[in-house]
Amino acid sequence: MRRLFGMPEEEKLVNYYSCSYWKGRVPRQGWLYLSVNHLCFYSFLLGKEVTLVVQWTEVTQLEKNATLVFPESVRVSTRHTEHFFSMFLNINDTFKLMEQLATIAMRQLLDNEAFAADRSLPKPCKTLRNVSALKRDLDARAKNERYRMAFRLTQDERLDGHTDCTLWTPFAKMHVVGQLFISNNYICFNSREEDLCQLIIPLREVSIVEKADSSSVLPCPVSISTKNKMNFLFANLKDRDFLVQRISDFLQRTPDSSWGDTSPLSLIGHSVRHSHGGGPSNSQFRSRGRHYHPGLPTASHGLLQLYHQDAPEDLGPKAMKEKMKEEAWNIHFSEFGRGVCMYRTSRTRDLVLNGIPERLRGELWLLFSGAQNEMATHPGYYGDLVEQAMGLCSLATEEIERDLHRSMPEHRAFQNETGIAALRRVLTAYAHRNPGIGYCQAMNIVTSVLLLYCPEEEAFWLLVALCERMLPDYYNTRVVGALVDQGVFEELTRAFLPLLYEHMQELGVISTISLSWFLTLFLSVMPFDSAVLLVDCFFYEGIKVTFQVALAVLHDNMDALLSCSDEGEAMTILGRYLDNVVNKQTVAPPIPHLHALLTSGDDPPPEIDIFELIKSSYEKFGSLRSDVIEQMRFKQRLKVIQSLEDTAKRSVVRAMMTESAFSIEELEELYCLFKSKHMTSCYWGSSSSAAERHDPSLPYLEQYRIDPAQFAQLFASLAPWVCGGHTSTLSARLFRLLDQNKDGLVNFKEFVTGLSGMYHGDMTEKLKLLYKLHLPPAVCPEEAESALEATHFFTEEEPQGTRINTVNYYVTAVFVLLSCTRCICFVKDYRYYLRMWAKEKEPKTETIKDLPRMNQEQFIDLCKTLYNMFSEEPLEQQLYHSIATVASLLLRIGEVGKKFNNNNGGRKGGSGETQVCRALADAQLEPAAPDEETKDDDASLSSYSVVSSGSLQSEDIGDDAVLIGGGGGQRRGSVLDVDWSITFEQVLASLLTEPPLVDYFEKKRDFQNKMAASKAQRAVERQTSSASDHELAQHST
């Protein structure tokens, strides 16, 4: 791959496949190479070569389809082109791998997560032919992801293996066929028939694992017992001994276990025992800080329980219905078990759909979401987080404080400090745990509902499960996950309700309504008592139930929506419908819904029972499958993230239009090139440094940043000033000049500002930029020190002379200023000082008078830069002659200015500026001495000139005198005059006397050609690499 496409060593090939690439109507048979960052194709048939390279980050759509023209093909779409591949040996495996690689690229665009190989992946027992380590890694990742999603496990859980087996179900008195999954912390079972039985056994709960006696009815059984006296019997295991060995290995590595003196060999032989005692108590892990401690009411109870504990017992029909629900769950617990090891069957789902009782809601939310496992393995974590986070000030904490009193203000639990303080602690702790998300709007609404039914720590872990596993990427600055599911909902609407979809697309309603539905799980658009039942279903079924209910709402309002003529009317219909979804079985008094109060009319619509709505959603749309939703999510994720990238680009271009003279097209191309450099560093450079450079919380202009090495590459390919070997020095200086915050990185705004000055600035701006590149901070201290050491080495110590006393000069200036102000007699009122303060706050534009003076050493460096800049110009000789003349003139000006400054104290009459002007005029009109009228003296006119000092020499080329760099040996004995200096105005005025220099700096440079050459540079490098490798191969044969 590196030979064919010129890729560096860092680019790793995952796999390659034989296929055909359709170029026009002709298929080209060749090989498709899939690497971590690129999709590549190569074909060489009948003397014709076809090469294709596509970055995964540029892919906008990836589809597998079958048409008459392209049978069983894969379509890869980018912003500008489409590519079709077909005739695969196994198109499904190829497409799955392409999906994985595209997902990794989208994750890289979203949060800058570079791909890192899994070092803990075990080596295969036997060498696998044609399977790379990366392919094994990606296959393992895919299996782990499916495993974690199926059983709601944590992100660090890794599947060790799975095998077919049967599970004895005591509640049904039968063996259920399914698969057994083993990972480092869990034993899980899933029935082959959906919803028949699911089981999750944490290894921390296991006490005994033993091989039972085999029989013809029960071959190769294994019995697993837990600490709460539950027994599970698995049979029909193909390799029972190996399975027991793996479980015993994992049990030995399980934290907080005491194995006693039992040897591993005895564990394999018959049973594995896990200690019951020895574990630390919960009280040892509770935080005893002043912010969160066990004494807080919300540390052990949900807010609803705190407010209902003093209420008299209700014996009405609704309360009896609630007690019947509790009794039904108690019966279910006695048959199927209680806690994390409970058998989960279709009967469990039926009980959830009928509504979870208030007393059990927190416990079952924690169980079904998987949050209970995380809380059990991280004791004391929440309390520590609260102590670390409280008192810290950040953007997230400010937003949390702003939204605290907007979280369910209609509920009395959040009308006092108890509820508000608990909500503050949970949100602040999570923002401290996950700075990438921090805090997002709608998190406060969801968290406040969790706190009603759960203690603080449980609510925190439920929030973790929501944000990081069940609703991935929902709660971040760009709500990417919600936008992805919004696109999925549109696709589902088109599939199930095609007529309504066409009409609502014209109105633009779907994208407006669905975002609030998904972000808050209907809590913000539906009465609380009804919406909380949907939360029950969500924690058990996942996002599937949210899509079902949303489709059911549209279906129930189809006739009314089809008659709507605008978006507002459709929104009103749906809003009034959702406001009247009621829960007639609730025990608590109804909580008024703010949206319903604000939009209630004279003729309210009929009430809709929430249980009927849920039932209808399962009857009409229950065929939705979670794996289909995940496939649709992948497709939409590509569209959403690339759309966000396009939005960011447009925002950057609009912002830079007012700050640079580049056109829109040029800015877009520059942004793509700049971003490409950043992305290249992500997957070919140091991933940690690249991650530090990308901060999604920053404005779009500052999100992508590059380091000096990448800046040097862009400067060399785009800058109009070609300086040969001096280009790298000039690039480093420009980088330091643009890096205003001194963080060693340059963002896009700073980059364009520097480039715009070189291309579109007038002569003064270009000269000013060049002038500043030879002054601090562009000239770093290391450069100045090395130049000073060289000067001391090659020069003799000069006799001390009289130096200008700058302190006296400024003191005199101050006294003159004070004497002038005494003549102005008026009282400065407060408005004067306000005006002066306002002027100080305004950004000051830099003028040429603000630029510092340039000393002789810096001037010599400037002459060298100009000499290198002219080396490839058509009018090279004229420019050399002009710069020699200007350098000589400036050296005279600096010399006369030094003499004037040294004699400044003895002069009388006239201002200092007038005297300087007269001296400069005399210096320019003074005739040259007879001994200076030689052929070389056009470039060397004083003993303090650059040429005589040895830094530059004068050389004749034809009839012109030019300046060239002097050798080190010729500098011996030369002296740099530390009192010599010139100003920018003097440099500008001198250059204006030479028309070739004026024409050079006023000439408009062609940016489009530079950009085209930069784009082609990578392709040329690849072709050169490929050609050279091909030649080497031929020579070797």
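Don't overthink the numbers, they just go from 1 along the chain as shown.
Just so you know, glycine gets a Cβ as well, placed from its N, Cα and C.
TrEMBL tags one of the stretches 154-179, 908-933, 1012-1037 as region 'Disordered', and that stretch is 1012-1037.
Remote same-chain partners of the domain 'EF-hand' (726-761), defined as residues 6 or more beyond its termini with a Cβ less than 8 Å from a stretch Cβ, comprise 652, 655-656, 659-662, 667, 670-671, 674, 693, 701-708, 711-712, 714-716, 718-720, 769, 772-774, 777-780, 864-865, 868, 1005, 1007. Mean pLDDT for the domain 'Rab-GAP TBC' (355-542) in the predicted structure: 92. Secondary structure of the domain 'EF-hand' (726-761) per DSSP, as helix, strand and coil residue counts: 26 helix, 2 strand, 8 coil.
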